[in-house]
Amino acid sequence: MAHLVAPSLLAADFRRLDQAIELVNTSEADWFHLDVMDGSFVPNISFGQFIIEQIAAEAKKYVDVHLMIDDPARYIDSFARAGANGITVHAEACTHLHRVVQMIKESGAKAGVALNPHTPVSILENVIEDLDLVLIMTVNPGFGGQKFIYHSLQKVRQTAELITVRNARAIIEVDGGIGLQNAQKVLEAGARVLVAGSAVFGAEDPAGVIRELKAIAPNPIAYV
Ligand SMILES: O=C(CO)[C@H](O)[C@H](O)COP(=O)(O)O
Ligand SMILES: [Fe+2]
């Protein structure tokens with residue numbers, strides 16, 4: 001199945017938010033990726049439901065919300081109401097991860113779980129069948145424009161293996177330091193959704209980069 005490209009608006013110029021929304025709506029991009037940071041789970045604060053509601057009102061594509069917040073159970077319903085089509089919580093931020101996943105599903109959104117670079121894939125073993133998406137962080141969360149952590153390729157492979165062995169339906173998203181230089185490798189490791197912030201919005205021709213990311217043809221039997 002073809003892979004998806006999800007530009008992260010964190011790297012957009014918020015003075016020209018309408019242009020960033022228009023870019024995702026009119027380019028070959030598949031999803032909006034919206035990063036919510038609370039200044040506690042991660043050392044940075046971005047935006048919340050109020051901004052997401054306004055973006056979602058203009059979005060013609062799937063709205064993928066990545067919650068980098070402590071105890072996200074408190075806010076699942078409000079993000080769903082704001083227009084999130086998919087909500088991803090961090091395993092590290094949930095005491096009762098299984099319960100939070102059920103809350104997301106009950107809200108009507110697709111359910112995702114994200115793992116920080118140090119978190120083993122085995123944490124998903126008792127929840128994998130319930131997930132629509134697994135987000136493998138390929139940088140430490142909190143900031144755009146960081147360097148891809150090479151070791152995370154191994155985690156993408158392990159996640160793909162877990163999904164296959166358990167006959168689960170979840171797809172794998174990678175987030176952090178993704179661009180034309182490593183997209184082929186992460187796709188060959190088993191990723192299906194490429195989040196790209198600075199690679200897209202930092203480029204002279206963002207629509208062109210999205211087109212190039214979409215055009216990558218991974219070798220399905222590659223061993224990375
Ligand atoms: O979740 C994130 C950061 O925590 C962002 O989605 C990610 O950083 C995307 O930005 P870039 O592609 O520039 O690394
Ligand atoms: Fe993200």
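Glycine is treated like the rest: Cβ placed from N, Cα and C.
Annotated substrate binding site per TrEMBL: SER8, HIS66, GLY142, PHE143, GLY144, GLY145, ASP175, GLY176, GLY177, GLY197, SER198, in sequence order. As annotated by TrEMBL, divalent metal cation binding site applies to HIS33, ASP35, HIS66, ASP175. Summarising the annotation, TrEMBL assigns active site, proton acceptor to ASP35. The active site, proton donor annotation in TrEMBL covers ASP175.
If you draw a 10 Å sphere around the CB of ASP35 (divalent metal cation binding site), it holds 24 other CB atoms from the protein chains shown. Of the listed binding-site residues, namely SER8, SER198, the sparsest CB environment within 10 A is found at SER198. Checking the binding-site residues GLY142, GLY144, ASP175, GLY177, SER198 against ligand 2 with a 6 Å cutoff on the Cβ atom leaves ASP175, in sequence order. Neighbour density for GLY177 (substrate binding site): within 10 A of its CB lie 24 other CB atoms from the protein chains shown. With respect to HIS33 (divalent metal cation binding site), the closest of these binding-site residues in Cα terms is SER8, chosen from SER8, GLY144, ASP175, GLY177. Pairwise Cα distances among SER8, HIS66, GLY142, PHE143, GLY144, GLY145, ASP175, GLY176, GLY177, GLY197, SER198, which the record gives as the binders of substrate, peak at 16 Å.
Sequence-distant neighbours of HIS66 (divalent metal cation binding site): residues of the same chain at least 6 apart with a C-beta under 8 Å from its C-beta are HIS33, LEU34, ASP35, VAL36, THR88, GLY112, ALA114, LEU135, ASP175, VAL195. For GLY144 (substrate binding site), the same-chain residues that are 6 or more apart in sequence and have a Cβ closer than 8 Å to its Cβ are SER8, LEU10, ALA11, ASP35, GLY197, SER198. Surrounding the centroid of the Cβ atoms of HIS33, ASP35, HIS66, ASP175, where the record places divalent metal cation, the chain contributes additional residues within 8 Å, namely ALA6, SER8, LEU10, LEU34, ASP64, VAL65, THR88, LEU135, VAL195, GLY197. Around GLY142 (substrate binding site), the C-beta neighbours below 8 angstroms that are at least 6 residues distant in the chain are MET37, VAL42, PRO43, ASN44, MET68.
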